[in-house]
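Undergrad: Starting off with a structure, shown below.
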DNA sequence: AGCACGCCGACT
DNA sequence: GTCGGCGTGCTC
């Protein structure tokens with residue numbers, strides 16, 4: 001009776017395929033195997049095994065692949081993700097099982113050389129140079145030596161062939177040094193100690209030796225020392241002999257952070273991010289599977305590493321949108337981390353100064369524990385946040401800095417400290433119009449205004465990237481040199497600042513910083529080092545680098561984003577403003593934030609001023625419930641359109657009846673989706689909503705393929721309005 | 001993911 | 001009349 005194996009292949013396949021196990025091949029669930037698929041060979045994972053009397057018509061498994069098998073929790077995670085995100089199982093597997101990396105295979109082993117003592121058979125000037133350089137008898141990297149001697153690699157190769165140099169295989173540098181949980185460290189504050197204890201010991205009766213499974217929200221303002229607190233949980237986990245994973249958004253994964261880790265644990269942690277490739281990637285993966293890598297710090301994808309003995313997951317900056325994967329399998333790494341924690345039986349710490357609304361809801365409803373860090377470490381206080389009512393204290397015409405803000409900047413500069421002026425608008429001016437004819441320049445592809453970028457001398461669409469040179473004369477009426485810039489962007493603010501403080505160093509930081517990401521990084525470091533007096537920045541400056549000399553934050557227009565029509569606008573604006581104002585006050589004296597607004601009583605502004613985030617979120621959730629929306633999630637619409645009103649209505653209702661959405665996805669009936677006449681056709685929208693991060697558009701297309709087919713001139717389409725995403 | 005089949009637009 | 005676009009379907 002042949003053994004039959006169910007093999008899941010990391011392709012967009014819904015089900016595992018059956019293969020016969022050849023005589024003499026012992027397979028277990030989770031084993032990675034090679035199997036024939038159509039005309040080629042692929043890898044797959046044994047998802048199930050059975051004895052079957054038939055099966056002679058099945059193709060055989062080619063053989064086992066010599067990598068660590070997928071652990072049971074990881075296999076269950078794949079199943080769970082596929083079910084939850086409505087993705088094919090094979091696609092979920094592909095997150096975990098990367099097809100063998102060709103780059104890794106091509107990468108050659110590092111080779112070092114040293115002089116053997118044997119003189120070369122032939123001597124040339126190039127050869128002499130190499131031998132001189134290597135005369136110290138020490139080991140030299142092959143390519144490094146060639147570079148040092150100023151010759152090409154082939155000269156070194158020739159000397160190796162000749163026997164004058166001997167080649168030695170280099171031990172690859174350790175990929176995962178062992179952290180020391182008891183490395184000497186600075187003592188924690190009382191509040192930090194208490195929080196750290198609460199992470200590892202949820203109740204006085206809970207045993208201290210076993211990490212407590214379940215999710216914990218670790219909430220603490222910037223500077224309260226969240227990192228030090230969860231480092232203690234990591235130390236606890238390492239002492240218990242288990243592995244820990246720290247997830248962070250890619251941008252937060254800086255040398256700065258790795259050094260902080262090293263200060264606590266004596267060594268840098270193993271780092272996993274998109275930049276690590278080839279052999280190093282494979283070696284780290286193997287070290288993780290073998291349990292040798294004790295602590296891994298990584299971006300989103302590190303969640304799918306094959307940990308052998310996972311004891312803790314930390315999701316730092318839990319609220320970050322970077323945790324969302326929006327192509328391929330749609331998932332949210334934070335939520336998947338909570339699931340993996342459950343499957344692995346280990347705790348999950350969600351750390352944030354500004355937790356997302358969904359995490360707050362989960363904490364409030366008791367699904368997550370909630371640990372708060374009340375204050376800034378070292379007695380530093382939160383910045384003092386005050387509103388500047390622009391209706392009373394507004395700037396003069398054509399200016400954007402109000403007198404109170406200007407005075408505050410002056411005082412700050414006099415004290416030798418940095419100021420940050422925050423305006424979430426790139427470019428010089430968001431709107432350009434002709435003074436003669438009133439023509440407003442808009443994008444030819446989108447419905448948006450073109451933003452003037454004075455530095456680039458161009459009008460740019462921030463929606464689609466379309467750009468045209470800024471015209472000398474109006475393209476409509478031909479009037480020369482009569483265009484006017486309306487409203488401020490960061491470039492314009494910098495201009496105003498330069499006029500007010502001509503002898504001060506001002507820098508503009510935004511994502512279109514000339515010179516690219518690398519130069520931007522360097523600039524950020526220069527700013528952190530204090531080589532600048534006034535920073536004018538977009539949301540780019542809200543997170544990432546610490547600016548230790550920054551004690552004043554001016555928010556130039558707090559009202560931007562409040563009226564965008566995005567249901568998540570209030571939440572996003574609140575978080576952004578909280579983050580950016582929180583940047584002040586890392587110096588000796590507590591910082592200050594001044595918020596220019598025309599709506600000081602708006603709930604978002606009021607919440608920011610009072611610092612009462614929880615109340616704000618509670619009100620947000622209530623407002624969404626009142627509007628019939630989930631507290632978080634997304635919306636899409638199925639659109640049925642037809643020339644005949646009856647046909648559209650009838651088919652729309654047929655679709656609504658046919659809908660058999662999986663749990664958590666709701667197809668709303670016709671009552672919520674009224675008929676509309678659009679361009680001569682009757683449109684019938686069925687709203688679909690879910691609290692999950694799934695590919696609704698893809699799901700609806702999939703579902704439409706099975707739903708009743710429209711007849712005649714009827715058309716059914718999926719319409720996802722980005723504005724309707726929650 | 002590959003690789004086939006298949007059905008409409010511009011060309012040797 | 002063909003070459004070739006990429007939409008849809010299949011791989012145990």
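Placed from the backbone N, Cα and C atoms, the Cβ positions cover glycine too.
Please treat TrEMBL annotations as automatic predictions, because they have not gone through curation.
Keep in mind that what you see is a predicted model, and the values were worked out from it rather than measured.
According to TrEMBL, the protein carries these features:
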BINDING   A:434, A:437, A:474, A:477  Zn(2+) 1 binding site
BINDING   A:443, A:446, A:461, A:464  Zn(2+) 2 binding site
DOMAIN    A:207-373  domain 'Helicase ATP-binding'
Undergrad: Across all protein chains in the structure, which of the binding-site residues A:434, A:437 has the highest Cβ count within 10 Å?
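TA: Result of the Cβ crowding comparison: A:434.
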Undergrad: What are the other residues, in sequence order, whose C-beta lies within 8 angstroms of the center of the C-beta atoms of A:434, A:437, A:474, A:477 at the Zn(2+) 1 site?
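TA: Those within range, site residues removed, are A:435, A:436, A:438, A:439, A:475, A:476, A:478, A:479, A:482.
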Undergrad: Out of A:443, A:461, A:474, A:477, which of the binding-site residues is least crowded by other Cβ atoms within 10 Å?
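TA: Each of the binding-site residues A:443, A:461, A:474, A:477 was scored by Cβ atoms within 10 Å; lowest is A:477.
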Undergrad: Averaged across the domain 'Helicase ATP-binding' (A:207-373), what pLDDT does the model get? Just tell me the whole number, please.
TA: 90
Undergrad: How far is it from residue A:437 (Zn(2+) 1 binding site) to residue A:443 (Zn(2+) 2 binding site), counting Cα to Cα, in Å?
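TA: About 18 Å separate the Cα atoms of these two residues.
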Undergrad: Where residue A:434 (Zn(2+) 1 binding site) and residue A:461 (Zn(2+) 2 binding site) are concerned, what is their Cα separation in Å, rounded?
TA: 18
Undergrad: How many Å lie between the Cα of residue A:461 (Zn(2+) 2 binding site) and the Cα of residue A:474 (Zn(2+) 1 binding site)?
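TA: Residue A:461 (Zn(2+) 2 binding site) and residue A:474 (Zn(2+) 1 binding site) have their Cα atoms 18 Å apart.
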